[in-house]
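Have a look at the structure below before the remarks.
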Amino acid sequence: MKPKFLFEQLLSRQDLSSDQMQEVIHACMTGEFSDVQIATFLALMRMKGETVNELTAAAKVMRQLAHKIDLGNPLIDIVGTGGDGRNTFNVSTACSFVVAAAGIKVAKHGNRSVSSRSGSADLLEQAGFILNLSDSQVQNCINQCQLAFLFAPHYHPAMQHARAARQQLGIRTLFNLLGPLINPAQVKRQVVGVFSTNWLKTIATVLANLGSERSLVISSQDGLDEISIAAKSEVVEYRDGNFKQWFISPEDYGLKHSSLDAIIVDSPEQSLHLIQSVLSGDSGPARDIVLLNSAAAIYCAKDGISFDAAIEEARIAIDNGKANLCFNKLRLLTQTLNKESNHE
């Protein structure tokens, strides 16, 4: 599809067909489109609004172009779209250690920051984790720690063609929405945070279209792409072929309604400090938001568990020291694996 005709169609707010979307995404991901053309496409899609069919088609292309990794099942991913502009610490990354410590295998798909002050990869590298691991090393992490981090550029090399356009735009784009949909381990259960409640049903439907068994898509009424401690959060749950909408408030689970001020960060260093504080057992707003979002993943991953029980499992995983142990064990393991591969 020629860029000129694509842009005219989007300017007139006409949706793209699945075939058109696949063609355009392929052009963006193979170097056929220039940075200016990619940026124009992304900006016009944002103005028009991405549809279920467009996102499903785009995710299918991205999955086809990805370097896939088979880590077995069941697995869960906990991920946010970003783009909420709130600059909270890396809650989903913190939750990954808690959920793994609760005995659930986590394949955490993440990247460096594009639209926030601290992406999951920025934080982990600050802490000393090695992210560029081979498939067998990633499997080793899952086997020993129940958790592996899948560094997006390694699994989605085609994304390099859109990196400059995204960074120059500096705004939330289609790719924020796609990131949670293209986990290279092809997880079947996911907790996905989105930056606006307007996107809940759309993303849940796309996940269902892509073969998800169970998902929780979450957005808070104060604009976080996760369960908030400062407002009610809305959930669209997909399970057994059905969609269900429900709400979560911290007070419903014995947690304090708190301002977000205490969990806003300016850097990966600050985010790391908060995460280590939570995993060490410190109380406060950071712990509470990690408990709520970890519970969402435990609830999504386990059959027949209530949200109350899931919060208790998250609390135990922190208070018995296992979440902190997981953090330190995985960090050391990635460093050891990296040294071994460098000596081969």
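Quick reminder: no glycine exception, Cβ is built from N, Cα and C everywhere.
Feature annotations, reproduced from Swiss-Prot:
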BINDING   GLY80, ASN111  anthranilate 1 binding site
BINDING   GLY80, 83-84, THR88, 90-93, 108-116, SER120  5-phospho-alpha-D-ribose 1-diphosphate binding site
BINDING   SER92, GLU226  Mg(2+) 1 binding site
BINDING   ARG166  anthranilate 2 binding site
BINDING   ASP225, GLU226  Mg(2+) 2 binding site
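Shown on the structure are the features that Swiss-Prot records.
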residue : record                                              : Cβ contacts under 8 Å, 6 or more apart
GLY80   : anthranilate 1 binding site                         : VAL91, SER92, PRO180, VAL192, GLY193, VAL194, PHE195, ASP225, GLU226
THR88   : 5-phospho-alpha-D-ribose 1-diphosphate binding site : LEU224, GLU226, LEU260, ILE263, ILE264, VAL265, ILE289
HIS109  : 5-phospho-alpha-D-ribose 1-diphosphate binding site : ASP77, VAL79, LEU150, ALA152, TYR155, GLY179, PRO180, ILE182, ASN183, PRO184, ALA185
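With the fewest other C-beta atoms within 10 Å around its C-beta, ASN111 stands out among the binding-site residues SER92, ASN111.
Of all the binding-site residues listed here (ARG112, ARG166), it is ARG112 whose C-beta has the fewest other C-beta atoms within 10 angstroms. Secondary structure from DSSP puts ASP225 (Mg(2+) 2 binding site) in coil. All protein chains shown were included, and the count of other CB atoms within 10 Å of the CB of GLU226 (Mg(2+) 1 binding site) stands at 28.
Looking at ASN111 (anthranilate 1 binding site) and ARG166 (anthranilate 2 binding site), their Cα atoms lie 13 Å from each other. For ASP225 (Mg(2+) 2 binding site), the Cβ neighbour count at a 10 Å cut-off comes to 28, with all displayed protein chains included. According to its DSSP assignment, ARG112 (5-phospho-alpha-D-ribose 1-diphosphate binding site) is coil. The residue listed as 'anthranilate 2 binding site' sits 12 Å from ARG112 (5-phospho-alpha-D-ribose 1-diphosphate binding site), taking the CA atoms of both as reference points.
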